[in-house]
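S.K.: Pulled these features from Swiss-Prot for this protein:
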type: BINDING; residues: Gly10, Arg72, Val73, Gly102, Glu103, Gly104, Thr105; note: ATP binding site
type: BINDING; residues: Glu103; note: Mg(2+) binding site
type: SITE; residues: Gly104; note: site 'Important for substrate specificity'
type: BINDING; residues: Thr125, Ile126, Asp127, Arg162, Met169, Gly170, Arg171, Glu222, Arg266, His272, Val273, Gln274, Arg275; note: substrate binding site
type: ACT_SITE; residues: Asp127; note: active site, proton acceptor
Amino acid sequence: MRIGVLTSGGDCPGLNAVIRSVVHRAVVDHGDEVIGFRDGWKGLLECDYLKLDLDAVGGILARGGTILGSSRVRPEHLRDGVERARGHVEELGLDAIIPIGGEGTLKAARLLSDNGLPIVGVPKTIDNDIAVTDVTFGFDTAVTVATEALDRLKTTAESHQRVLIVEVMGRHTGWIALHSGMAAGAHAVVVPERPFDIDELTAKVGERFSAGKRFAIVVAAEGAKPKAGTMDFDEGGKDVYGHERFAGIARQLSIELEERLGKEARPVILGHVQRGGTPTAYDRVLATRFGWHAVEAVHRGEFGKMTALRGTDIEMVSLADAVESLKTVPDARYAEAECVL
């Protein structure tokens with residue numbers, strides 16, 4: 001068989017581990033040929049690819065980013081390019097395409113699958129917001145990076161008697177904020193799923209100083225927002241791909257809390273450091289398993305599906321189910337965190 005692989009959307013620790021796994025399973029165990037499209041869907045639409053053999057994937061298991069490159073393609077461009085993509089699949093003699101990506105990539109994969117292209121998806125996102133899989137690779141690395149940063153920030157916050165508002169990634173879901181906040185022993189966490197009351201947040205932070213503590217750490221997912229009418233808040237806008245472009249929750253909260261508490265408050269934005277660098281052992285293993293099972297699904301002809309972790313097993317689930325909704329932080333999980341913050 002001849003299999004095409006691509007990585008699309010934001011980069012993520014573990015992408016190279018998937019690519020490596022696909023090549024090893026397909027080439028060594030099945031005698032397949034694998035090609036990689038450069039820069040995601042753009043590479044498929046422009047027929048820009050390279051051959052992936054064992055030499056090409058040597059030494060990439062622990063490397064962050066993606067050796068294939070990635071890009072974002074506006075949805076309308078992909079819709080208009082379905083026939084071009086089909087033509088390139090036929091021209092290259094591909095039996096399957098394995099796209100590796102998050103919500104946007106999986107929606108694009110479903111579009112192509114619905115139009116008859118042989119697609120087997122692999123989910124990736126540091127946000128951990130794909131509903132049909134227990135975990136996505138990249139999440140563990142992002143939480144580890146954020147937790148290490150929070151551990152370090154505690155000492156400088158205490159030295160200067162400051163409130164630090166640490167902004168982590170999470171447009172629509174607060175999984176990184178929740179897990180890193182719990183792991184680092186933060187003093188408050190705000191997430192997109194639960195609009196916060198600025199009065200309650202101020203009181204919670206203020207209680208620490210009233211009790212004689214010298215600092216406070218607030219972890220804020222980038223998509224967190226206050227309850228309507230409780231504080232002046234700039235919600236930002238949208239980029240050309242339709243994604244929300246936020247105006248900075250950490251910056252806005254630092255101004256508000258400093259005015260209310262009379263304590264110096266500083267924003268800290270972790271940003272893309274959460275997406276870069278070496279994946280954790282957990283993410284390497286999960287990504288490798290996803291790649292292995294994606295190749296097996298191709299050989300079984302299970303198209304229109306993607307890999308998913310269910311318990312300790314890797315299962316195949318439909319792309320339609322995968323993109324139906326996001327996996328958000330439930331109230332019960334937030335309540336668990338609240339009792340220890």
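Keep in mind that glycine also has a Cβ here, set from the backbone N, Cα and C atoms.
It should be emphasised that the depicted structure is a prediction, and the values quoted were computed from it without experimental measurement.
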S.K.: Based on Cα distances to Val273 (substrate binding site), point out the closest of the binding-site residues Gly102, Glu103, Thr105.
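M.R.: Result: the closest of the binding-site residues to Val273 (substrate binding site) is Gly102.
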S.K.: Between the binding-site residues Glu103, Asp127, whose Cβ has more other Cβ atoms within 10 Å than any of the rest?
M.R.: Asp127
S.K.: So what sits near Thr125 (substrate binding site) in its own chain, CB-to-CB under 8 Å and at least six residues off in sequence?
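M.R.: Once residues fewer than 6 apart are set aside, Thr125 (substrate binding site) is near Gly10, Cys12, Gly102, Glu103, Thr136, Gly138, Phe139.
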S.K.: Please report the three-state DSSP label of Gly104 (ATP binding site).
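M.R.: In three-state terms, Gly104 (ATP binding site) counts as helix.
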S.K.: At the level of the C-alpha atoms, what whole-angstrom distance separates Asp127 (substrate binding site) and Val73 (ATP binding site)?
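M.R.: Cα to Cα, Asp127 (substrate binding site) and Val73 (ATP binding site) are separated by 20 Å.
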S.K.: Based on DSSP, name the secondary structure state of Val273 (substrate binding site): helix, strand or coil.
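M.R.: For Val273 (substrate binding site) - judged by DSSP and reduced to three states - the answer is helix.
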S.K.: Tally every other Cβ atom lying within 10 Å of the Cβ atom of Thr105 (ATP binding site).
M.R.: 27
S.K.: Going by DSSP, is Val73 (ATP binding site) part of a helix, a strand, or coil?
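M.R.: Assignment for Val73 (ATP binding site) reads coil.
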